[in-house]
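Swiss-Prot has this to say about the protein:
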BINDING   18-139  nucleoside 3',5'-cyclic phosphate binding site
DOMAIN    158-230  domain 'HTH crp-type'
DNA_BIND  190-209  DNA-binding region
């Protein structure tokens, strides 16, 4: 895992997506053939160069997909939560090794199954479920592409203040966000917010101070109350 001094820039934030197109029975049958494993917070499940032969399904917790540059900078490609598949590209594009990092953001339980084993099951016991599973993966891939395009446009065309405002609204839709009488309460540090929008921690702090002065939010420590977002 990268050191605390690593520069991180984030291009996309994802909401947890509860089992797209998958009913409880399909999930149960899929999990019956998968290996369940628990991971602590901030654990690298795989890194660039590791063998690419496994599909992951997030049972609980949250993970991030990260691209690592040669100068040790990291580009966070997405946050994914329970009900989402990760590492699905290997089902469609042949690749011997991973090109990104899969890192847990919280304590996680993941279901793991090899591509080869899953393809076999699609021809046998999971044959009735194969269309639904593949459709769910396809929907997730499409949503991730749209989200990445939207976030890339923000980085290209919006200033830091606008990026922070939109990112805070994104975070208000995350499962970790809490209802507040005046809106939505978020727990996010200046450093984390800076990584989410691609600016310095100092700049993030100045923008939060300005937004508070403008009456859009209240920020204290790692707590931000975003007004009017219930």
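Backbone N, Cα and C define each Cβ position, glycine as well.
All features noted in Swiss-Prot, drawn onto the structure.
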residue : record                                         : DSSP class
34      : nucleoside 3',5'-cyclic phosphate binding site : coil
50      : nucleoside 3',5'-cyclic phosphate binding site : coil
66      : nucleoside 3',5'-cyclic phosphate binding site : strand
82      : nucleoside 3',5'-cyclic phosphate binding site : coil
98      : nucleoside 3',5'-cyclic phosphate binding site : coil
114     : nucleoside 3',5'-cyclic phosphate binding site : strand
130     : nucleoside 3',5'-cyclic phosphate binding site : helix
### Neighbour-count leader, CB within 10 A, binding-site residues: 34, 82
34
### Task
For the DNA-binding region (190-209), give the DSSP counts of helix residues, strand residues and coil residues.
17 helix, 0 strand, 3 coil
### Summary
Counting other C-beta atoms within 10 angstroms, the emptiest spot among the binding-site residues 66, 130 is 130
### Query
Which residues does residue 114 (nucleoside 3',5'-cyclic phosphate binding site) neighbour through Cβ under 8 Å, counting only same-chain ones at least six apart?
53, 54, 55
### Message
Taking only same-chain residues 6+ apart in sequence, whose CB is under 8 Å from that of residue 50 (nucleoside 3',5'-cyclic phosphate binding site), what do you get?
### Response
97, 98
